[in-house]
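Here is the structure we will look at.
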Amino acid sequence: MTLNRRNLLKIGGAAAALPLLGSKAFAQTEPLKVGFVLVGTINDNGWNYAHNQGRLYLEEQLGDAVETVYVENVPEGPDCERVLRELAQQGCKLIFATSFGFGDSVIKVAEQFPDITFEHATGYMRADNVGTYNARFHEGRAVCGTIAGHMSKTGKAGYIGSFPIPEVVMGINSFVLAARKINPDFTITPVYISTWNDPAKEADAARAMIDQGIDIIAQHTDGPAALQVAEERGIVGGFGQGADMSAFAPQAQLTSIIDNWGPHYVKTAQAVLDGTWESKDSWPGLAEGEVMIGEYGPKVPEDVVAAAEAVKNGQIDGSFNIFTGPINDHTGAEKVAAGVTLTDAELLSMDWYVEGVIPPA
Amino acid sequence: MTLELVIAIIVTVVGASTPILIAALGELVVEKSGVLNLGVEGMMLVGAITGFVVVFTTGNHYLAILLAAGAGVATSMIFGFLTLSLSANQTATGLALTIFGTGFSALAGQGYSARPVTLLGPLFPAELAAHPVWRVLFGYSALVYFSFVMVFAVWWFLKKTRSGLILRAVGENDHSAHSIGYSVVAVRYGAVAFGGAMAGIAGACFPLLLTPQWAERMTAGRGWIAVALVVFASWKPFRLLAGAYLFGLVMTMELYAKAGGGPLSAIPAELWAAMPYLATVVVLVLISIRRDASSNAPACLGRPFLPSN
């Protein structure tokens with residue numbers, strides 16, 4: 001059901017009146033009401049779109065056992081608190097807050113509603129009734145890096161990043177580590193554009209990199225602008241981020257990393273229904289199907305597809321981890337010894353580049 | 001740096017500068033008539049979504065530019081009615097127009113964010129632009145040549161025509177212009193409409209010239225740069241041309257330096273991001289040192305016209 005905040009209030013009022021109608025019909029299988037708080041619109045073809053797809057998947061999988069509502073365009077700040085409280089008061093027993101900046105509000109409201117379960121995406125603060133969840137996008141980057149290592153002719157890739165935060169640095173490192181397993185001379189130049197959403201600047205950054213000899217582009221921003229430039233210039237290609245972007249670059253998209261929150265939402269809702277939910281941090285990836293690799297583009301030869309699939313499957317069955325040593329940092333000094341794998345905590349605070357990254361100033 | 005790279009940089013700079021230049025030229029005329037419209041960013045976004053939707057549905061880029069201009073005019077008329085007919089505060093109304101344009105374009109653009117379109121192709125046949133050197137001159141789409149023509153046209157209109165003189169008179173001393181029989185409000189409506197059309201076209205540059213897609217807030221603050229540029233250029237069209245290209249050059253060189261290494265890449269990202277604004281401050285200081293230029297601001301700028309009976 002579609003909801004804006006005004007409707008939400010109306011429905012809240014209607015729900016409050018429902019018991020007057022006689023509660024027999026609802027007595028037996030009252031569905032679990034699940035609320036979603038989104039920072040943007042579900043039409044953004046990226047982050048919020050993916051969370052809404054997860055919501056629809058939840059409805060499809062659990063059917064009558066759940067009922068979902070969502071609120072779009074909730075700003076990070078006091079307004080979020082109000083929306084969370086409204087959702088709680090109108091009977092949601094499980095609430096997903098899907099943006100990093102909602103963290104403080106979630107913790108505050110969760111204290112007031114101890115019998116409601118909250119989950120905060122990409123967050124780090126937990127409480128008895130607040131869990132956190134994220135996805136291992138860097139596993140998908142390793143698959144993309146493998147394709148890049150095979151297909152790049154110049155051995156140089158560009159990477160458009162928003163801000164040098166661990167999440168982005170992790171993706172860059174994963175990408176270049178995978179590419180250098182194929183081509184030991186492979187290098188990558190990250191360009192940070194200090195914004196998540198300025199398509200014209202993304203496109204210009206892509207032009208600047210292509211003009212200076214890179215033939216593969218990866219990006220950790222939300223839009224398809226860089227891919228469109230890759231298509232227009234006819235370079236080897238790039239990768240879709242968050243969703244399949246082949247509509248924008250039918251030739252240039254080599255593959256895409258797809259966010260798939262559905263399985264996590266089903267698992268969490270089921271746990272709440274069964275009474276087995278407990279507060280924890282969940283950080284699943286390819287193995288759980290929360291990160292998926294999209295279709296391979298027409299340009300990717302079969303042997304490269306096979307190599308990419310091997311990296312993907314290795315990460316799914318656990319036989320391969322891109323962050324297992326030996327790993328050198330960008331100066332060539334050994335950072336991770338042979339056979340040692342970086343822990344999750346080390347990944348989440350990653351502030352150094354691996355060998356092959358030409359570090360930005 | 002090879003010749004190819006220099007040419008590639010020039011081509012990118014031209015693309016980055018064009019929407020700023022077009023929007024700023026419109027605002028220059030508006031301000032010359034004594035009106036300060038801070039709604040440029042909002043009008044650009046309305047132009048951008050209009051241009052995108054028209055290209056998406058009809059595939060006709062020139063129709064898209066035309067209708068984007070029309071949408072810009074329509075949006076600017078909201079501002080015109082409130083500030084000129086109802087004498088509302090121009091600063092507040094302009095800010096409201098930007099907020100309105102941002103929200104309206106996001107609403108109208110729902111469902112269009114996953115749709116690709118095509119860029120407007122070069123104006124001249126590809127053979128003319130085959131050689132890299134000729135590409136610098138003949139390799140652009142009509143929007144780029146339009147921006148150059150408009151620099152000259154705005155200069156000529158303001159300096160050489162009778163209508164331009166009336167417009168400047170209205171901006172410098174509205175009561176005098178009124179007392180000798182010119183309709184101050186009508187002249188200002190015309191100027192605001194022209195500013196709206198130019199902002200609409202500048203907005204259309206985003207899906208048609210820079211990146212063929214729709215994204216919410218895709219102008220990303222360039223409307224504000226355009227407003228700042230008018231002051232930067234001390235209300236002179238050719239200085240505006242230089243200023244727009246200076247801003248475009250700084251914005252582009254940041255990306256080329258970061259992507260290509262070399263000595264320029266040692267400059268931190270924060271300094272690159274601050275550079276256009278530092279340049280504005282420096283120029284403003286230089287202008288105020290030269291006394292004659294500081295008086296170049298239209299005397300009635302931002303003041304509502306209230307004829308005494």
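Cβ atoms are placed via backbone N, Cα and C, with glycine included.
Whatever TrEMBL says is automated annotation, not expert-curated.
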Q) Of B:38-56, B:228-246, which span is tagged transmembrane segment by TrEMBL? A) B:38-56
**Q.** For the transmembrane segment (B:38-56): best-contacting stretch of B:6-26, B:94-113, B:133-158, B:189-209, B:271-289, by Cβ pairs under 8 Å
**A.** B:94-113
Q: Run the contact check on the transmembrane segment (B:6-26) against the transmembrane segment (B:189-209): 3 or more C-beta pairs under 8 Å, excluding pairs closer than 6 in sequence.
A: yes
Q: Could you give the residue numbers and ranges of same-chain residues that sit at least 6 residues beyond the transmembrane segment (B:94-113) on either side and whose C-beta is under 8 angstroms from one of its C-beta atoms?
A: 36-46, 48-49, 52-53, 56, 75-76, 78-79, 213-217, 223
Q.
Using Cβ atoms and a strict cutoff of less than 8 Å, what residues sit near the transmembrane segment (B:189-209) while being 6 or more residues removed from its termini?
A. 15, 18-20, 22-23, 25-27, 29-30, 32-33, 35, 37, 39-40, 43-52, 55, 61, 64-65, 68-77, 79-80, 84, 117, 119-120, 141, 143-144, 146, 150, 167, 218-219, 222-223, 226
